Amino acid sequence: MIVRRQNRRFTIMAAGPRGSGKSSFFNSLIGKEIVTSRGHEGIDLYMLNLDCEGIMQRITLIDTPGFGEGFDDSEIQETICNFIKAQLDMFIAEESKIRRNPKYEDTRVHCLLYFIPSTSSSLKSRDIAFLRKVSGLVNIIPVISKSDGLSITERIEVKRQVMEQIKHYNISIFDLDDPEVYSSPAAGNDLNSLVPFLVVSADRENFESRARNYQWGDVSIDNPDHCDLPALRELLLSTHIYGLIDYTASEIYENYRAAVLEGGVRK
């Protein structure tokens, strides 16, 4: 049984290839420019208080270096993977203290959004390698970015290809329809059928108007007929916050902790 405690910090990480729209997605998710353009290869954390359905929620957004084309990005992958592990290790260390810090704040990563460019018809070898590294260490939700460039047929096909690969390579992704992880019955509305989520981010100057402008017209990022951002935003900022937090604590962390205590080697 999941025990819910309100106002715990919720941490979302974005990872994926360069130019896949990670920073723009975060800004569109929040509705204003929070994450700036990256000019380095480090991991950036943005901490904020956000009104989520009338509750002020403490949220951390983590923007990571993008994987590149034409060069070995294994070091970047290891950096991100080690960051996720480090947060789990810090929690183990705090939990093992005789006198715990009453003000200690959980920094574990509760959700990893993995961005797949719409120009890819499927997961590339680098995507598969990374996802296999972090599978079981964090709740993974795959996302197809800049999906407004795809036809309806292409959207269906790329989703099918990605899901087949996820199953083939035994990559563990978060079960959005598990009744233990959402806060209201209405939230469990076959969200797994939307995975990977098709998202479109607003133009930099249009975060508040929630649109992407083209010569032929506008794409509303809040229109479910245009993309899956409305459903993804609702689960991230409302219905699945505590489910993602609790699953991290009760399943991911406990499995990791058991492996560490038994001397197991993590991937």
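Backbone N, Cα and C atoms are what each Cβ position is placed from, and that goes for glycine too.
According to Swiss-Prot, the protein carries these features:
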type	residues	note
BINDING	16-23, Gly66, 146-154, Arg212	GTP binding site
DOMAIN	6-263	domain 'Septin-type G'
REGION	16-23	region 'G1 motif'
REGION	63-66	region 'G3 motif'
REGION	145-148	region 'G4 motif'
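The structure, with features from Swiss-Prot marked on it.
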residue: Gly16; record: GTP binding site; DSSP (3 states): coil
residue: Lys22; record: GTP binding site; DSSP (3 states): helix
residue: Lys146; record: GTP binding site; DSSP (3 states): coil
residue: Ile152; record: GTP binding site; DSSP (3 states): helix
Taking the Cβ of Lys22 (GTP binding site) as centre, how many other Cβ atoms lie within 10 Å?
27
Around Gly16 (GTP binding site), how many other CB atoms lie within 10 A of its CB?
24
